[in-house]
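Below is one structure, written out as structure tokens, with a few remarks after it.
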Amino acid sequence: MDSIRIRGGRPLEGIIPIGGAKNAALPLLAAGLLTEETLTLTNLPHLADITTMVKLLAQHGVVCTMNGGHSGGHEGRVLALDAGQITNTTAPYDLVRKMRASILVLGPLLARVGEAQVSLPGGCAIGTRPVDLHLKGLEDLGAVIELDGGYIRATAPRGLKGAHIRMPFVSVGATENLLMAATLAYGTTVLDNAAREPEIGDLVRCLTAMGARIEGIDTETLTIHGVARLHGAEHSVLPDRIEAGTYAIAGAITGGDVELTGLDAALIGSVLEKLEEAGARITVTDRGVRIVRDQGPLRGADVMTQVYPGFPTDMQAQFMALMTVAEGAAMVTETIFENRFMHVPELHRMGANIVLHGASALVRGVPKLTGAPVMATDLRASSSLVLAGLAARGETIVSRVYHLDRGYENIEAKLAACGADITRLTGGA
Ligand SMILES: CC(=O)N[C@H]1[C@@H](OP(=O)(O)OP(=O)(O)OC[C@H]2O[C@@H](n3ccc(=O)[nH]c3=O)[C@H](O)[C@@H]2O)O[C@H](CO)[C@@H](O)[C@@H]1O
Ligand SMILES: C=C(OP(=O)(O)O)C(=O)O
């Protein structure tokens with residue numbers, strides 16, 4: 001198993017290009033199942049989760065061609081999906097357990113071929129993460145769903161039919177699954193209390209390019225007028241706002257000066273606001289955004305995770321790492337997932353002062369963290385440990401970096417190019 005060694009204390013200076021978003025790319029890949037024509041995705045990030053989704057699609061019979069050649073496990077930045085023949089409607093446990101977003105094939109398979117068997121994803125380190133809203137919404141669209149042997153067995157004997165669905169709370173994945181299913185349902189579907197995360201807008205744009213009829217983009221009410229078939233399209237994956245937010249914090253935590261390129265700063269507005277409150281200087285540039293921290297120490301700033309456009313839960317761990325070295329105290333409150341504080345004991349090992357009270361963490365800043373061996377437990381916990389390592393005195397070894405590889409492309413290279421002392425150590429326990 002690989003680990004990452006960081007020798008901390010160097011201010012980061014330079015340019016960091018931001019790649020396509022994992023959380024936009026995964027539903028876009030699933031959308032390839034909705035048409036027998038070719039869906040071409042550009043700006044696709046090279047990440048473990050993308051490889052897993054491509055494997056899943058391939059075993060459903062989708063031909064995945066990368067940059068003109070067969071993908072063969074080496075997905076590039078341009079991927080053509082050809083779901084002319086869906087040969088298998090089962091998403092097996094061994095792939096689904098690696099990546100919960102595999103559930104996103106359920107809606108498209110049901111809509112396109114009227115049946116799907118998808119392994120139940122189960123919980124993960126950050127929470128139980130049920131899929132009840134996905135299933136209830138598909139039932140509202142006319143699907144018949146049974147749970148059997150750890151699998152969701154779904155059929156749509158008379159096809160899917162438009163319905164008015166009001167979701168009791170906001171779910172990104174349920175919105176995506178129902179949106180995709182509704183594009184091929186008979187009649188009109190209204191999704192009330194839909195998620196407004198930018199990745200949903202990206203999916204709406206791609207589906208629209210494929211011939212779907214959707215109103216209400218980027219609002220909490222999506223109206224989908226079902227069509228008989230979708231056609232091929234080409235779509236560029238939205239930039240990754242969580243990758244960008246993570247590198248913005250890398251600049252701030254090291255007292256550096258970094259420019260993130262290839263994204264619109266508005267995409268990370270809530271994170272930049274908090275960084276300013278914490279003492280960083282933010283400038284919007286022609287090609288992205290520049291983050292500088294050159295005056296005085298960081299200051300404590302409270303954050304509470306919220307659905308978009310609020311502060312993202314996927315940035316909570318990284319912001320907490322920043323607060324461990326800020327002057328004063330900061331309250332970090334997690335409202336989306338019930339167990340997203342796995343990074344806290346690891347940050348303690350580096351000298352952080354954090355007290356947990358239910359869904360909140362009280363972080364009292366310390367003058368300096370010290371390097372230590374720490375273990376990654378989930379994707380964003382891992383990146384918070386890398387950030388802490390960049391700021392710490394001495395050497396930090398972050399183990400289990402396969403979590404990091406799910407969501408950050410070339411993280412060592414991008415940080416090293418800005419002056420970080422960071423190396424991947426291959427192999428080991
Ligand atoms: C691949 C992807 O895009 N992942 C993102 C997606 O995850 P994901 O789509 O899984 O997250 P959701 O928005 O669905 O989850 C929000 C909350 O709703 C709960 N819930 C969800 C569905 C359901 O049927 N029942 C239920 O109770 C979840 O357990 C969680 O507590 O949005 C999350 C919230 O922004 C992000 O942290 C993830 O990075
Ligand atoms: C929680 C995340 O992803 P997933 O929903 O795929 O587990 C994440 O990207 O931070």
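Backbone N, Cα and C define each Cβ position, glycine as well.
If you look up TrEMBL, you'll see C124 marked as active site, proton donor. Annotated phosphoenolpyruvate binding site per TrEMBL: K22, N23, in sequence order. What TrEMBL lists as UDP-N-acetyl-alpha-D-glucosamine binding site is R100, R129, P130, V131, D132, L133, D314, I336. TrEMBL lists 7-415 with the feature domain 'Enolpyruvate transferase'. If you look up TrEMBL, you'll see C124 marked as 2-(S-cysteinyl)pyruvic acid O-phosphothioketal.
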Which residues in the same chain, at least 6 apart in sequence, have a Cβ under 8 Å from the Cβ of L133 (UDP-N-acetyl-alpha-D-glucosamine binding site)?
M167, P168, F169, S171, A174
Using DSSP with the three-state reduction, classify V131 (UDP-N-acetyl-alpha-D-glucosamine binding site) as helix, strand or coil.
coil
As a check: which entries in V131, D132, I336, the binding-site residues, place their Cβ less than 6 Å from an atom of ligand 2?
none
Lowest local Cβ density among C124, V131, I336, which the record lists as recorded positions, within 10 Å
C124
Those binding-site residues from N23, R100, D132 that fall inside 10 A of C124 (active site, proton donor) by CA distance are R100
Cα-Cα distance linking N23 (phosphoenolpyruvate binding site) and P130 (UDP-N-acetyl-alpha-D-glucosamine binding site), given in Å to the nearest integer:
18
Scan K22, C124, D314 for recorded positions whose C-beta lands under 6 Å from an atom of ligand 1 and note them, or write none.
D314
C-alpha spacing of N23 (phosphoenolpyruvate binding site) relative to R129 (UDP-N-acetyl-alpha-D-glucosamine binding site), in angstrom:
16
Starting from the Cβ of R100 (UDP-N-acetyl-alpha-D-glucosamine binding site), draw a 10 Å sphere and report how many other Cβ atoms land inside it.
17
Cα of R100 (UDP-N-acetyl-alpha-D-glucosamine binding site) to Cα of N23 (phosphoenolpyruvate binding site): how many Å, rounded?
11
If you draw a 10 Å sphere around the Cβ of P130 (UDP-N-acetyl-alpha-D-glucosamine binding site), how many other Cβ atoms fall inside it, taking every protein chain shown into account?
13
Here the 10 Å Cβ neighbour count for K22 (phosphoenolpyruvate binding site) comes out at 27
